[in-house]
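> After the structure tokens below, expect a handful of questions from me.
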């Protein structure tokens, strides 16, 4: 007779291996049905399209969850070094289709929904974008998480679960209006709340110094509750975690008020604590010293570091008891990557934990912190650099200010020893800036407290070393690296452009999807007529599809055979949407001058959001829409030319417009765009680039060959020389008749007859204080655009150039970027090894 099973043996039956996997269309249909009825509690008589989307999302999520659990089991068994990517922005977009692509479920789900009388594409369109970012910074973080999972790295993305993401943009009467992005109003099927890991975060209070050391006391506490979202790698059974923190008031919040009849007010006051995770600040290129923003930055850092240390101390899966108490191995097991300066408080916070709570001495705590942290810089614009007022830090985070002062003193002692007698250097390198308002320079804090500092394109990294961080480079040159940005080919080719992905796979197989350098094999097809024809056909199909979308969404009819000329990015003076406007007006004026002259038909599309408080950016949007009103309604223009402003540009719209674009506008003033990643997405999807030698454009032109790029304008050195000489817009105005005509039109109200002085601020800016020197590049830009039109007349040569660009875009995979971070900053070797599937033994 067999002995009775122990409780431990019985529990072994609770295993992910015991669950049947979803492997075929029949299983998918059953699970869809089960979720519709049992999870959503609906039947087909009352189910809405959104219910069907949720049922499909839950069905696909089932396929993720077993892999997610197994991945975490694997990490706890192997105890690898873990990567923690801290970012205040994580611009994920939609999840359903990306998950199906990475798990190889797309065809089966398509067939299952078809058999159920549903259209999968329509269901995909119901999903809200997770718009937890302003633009490139947050989208880069999302691409990086995808690549870290694909490369088998034990990585975690940490950020804030903003209740309201980047605002929805509405264009009313040509003006941008902002609407709240209530992306969670229907719920989010991809996240899992983890209330058991809720952590306290402290603010305000004061510091007591005792014989045992410093104590931060009398603080206000806010709780950080984590929500986990799975991040699947590409077909390797790895599913990593993105953990977003939501602010909650503690149950005893303002309890003292209860005794004096203030119960209702105390409950209402809970909102004040919970405001921390309420909304994303919609501005990442102008620093605003808002207390709530500083609270957000510390909130994510404090919760994340507690989580990291808990995980470091416990090495067994599910074990909450500390196993490690010694921090010598911390930098060997933990890498913290700071995505810009927003999470820079991780440096003083880690020191606070190690010194005040774990009782390490300062030198040991500093050594551990520096070896653990690394910093990525994303901007050279001085107005974007974070410089927090000391008085704000003193009130909100008094202990951290003391620690920053201590870091600064010790750091400046090192500088003084390395450069004796150079007093001005001490002033320039100090973490504390003296002035009318004393400030903490967060970039300086990051450089001092990290073992690696990287820019995000080769030219950007050189600018950092030669200009804004020159003093720091001279002190510690070994810290400075370059890591050129990249994009995930899963979302930015396979998902958004399946036709092109298939045409490529027919020639070189599918391995390129996780090894993008293999695209170079396409160079041998440059003269293959069938391949040229297939690439051109896919582009035309994408253009027809996007034209139909514009007609449905915007009620705008465009010519799908026209050249699709696209500039989509945040609206900012340095990105020079104004230069694009000057070209549009030039084309219009030429048509009016010579109405019978042949012109290559163009549809010029501009999209992007302006920060709500950025007056000039909002005026630029108004100008674009005003020009469109004139051009699109002028019978002399006809079908040759259209100007469209793409409202509410976001990840899901990018996935539609980028595959349809013929020409990608990357026209920032040389030396201002750190890298750019939109440029890479267009290149991979078969658009040619017109651009300046700025950011990653330089490396893209190098890869493709400058002959296969429409390069124009000043180089960085030219801009520097012009700055020294003094830029004078009047010179260009006097010398160039076409430019003069445009400025006269803007000044006289040609594009705003009801309000002739509407664009006076734009005219005043470009004529008298244009930091980004639009006029200086105008002539070359117009000539370069003429070359674009000339080449477009020759479809075969155009497509050959497109193929050359696609074939040489492999360098710009985020897999390459992350492999470099892993080897050169985190001290890890990426792995292409596939984890066992859930029904296999680990």
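One-based numbering along the chain as shown.
Cβ coordinates come from backbone N, Cα and C, glycine included.
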> Which residue among 748, 789, 814 does Swiss-Prot mark as phosphoserine?
748
> Look up 26, 211, 809 in Swiss-Prot and give me whichever carries the note phosphoserine.
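Checking Swiss-Prot against 26, 211, 809, the phosphoserine entry points to 26.
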> What residue among 85, 91, 227 has an entry for phosphotyrosine in Swiss-Prot?
227
> How many Å separate the Cα atoms of residue 314 (AMP binding site) and residue 747 (phosphoserine)?
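The Cα atom of residue 314 (AMP binding site) is 68 Å away from the Cα atom of residue 747 (phosphoserine).
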> Using Cβ atoms only, which residues of the same chain lie under 8 Å from residue 747 (phosphoserine) while being at least 6 residues apart in sequence?
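For residue 747 (phosphoserine), the qualifying residues are 759, 760, 763.
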> Name, in the order they occur in the sequence, the residues of the same chain whose CB lies under 8 A from the CB of residue 473 (phosphotyrosine) and which sit 6 or more residues away.
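Correct list: 464, 465, 466, 480.
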> Which of the recorded positions 109, 204, 681, 748 has its Cα nearest to the Cα of residue 514 (phosphoserine)?
681
> Taking only the Cα atoms, work out how far residue 204 (phosphotyrosine) lies from residue 310 (AMP binding site), in Å, as a whole number.
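A Cα-Cα distance of 24 Å.
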> Output the one of 156, 204, 312 that, of all these recorded positions, has the highest number of other Cβ atoms within 10 Å of its Cβ.
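When each Cβ's neighbours within 10 Å are tallied, 156 tops the list.
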> Which Cβ among the recorded positions (310, 681) has the fewest C-beta neighbours inside 10 Å?
310
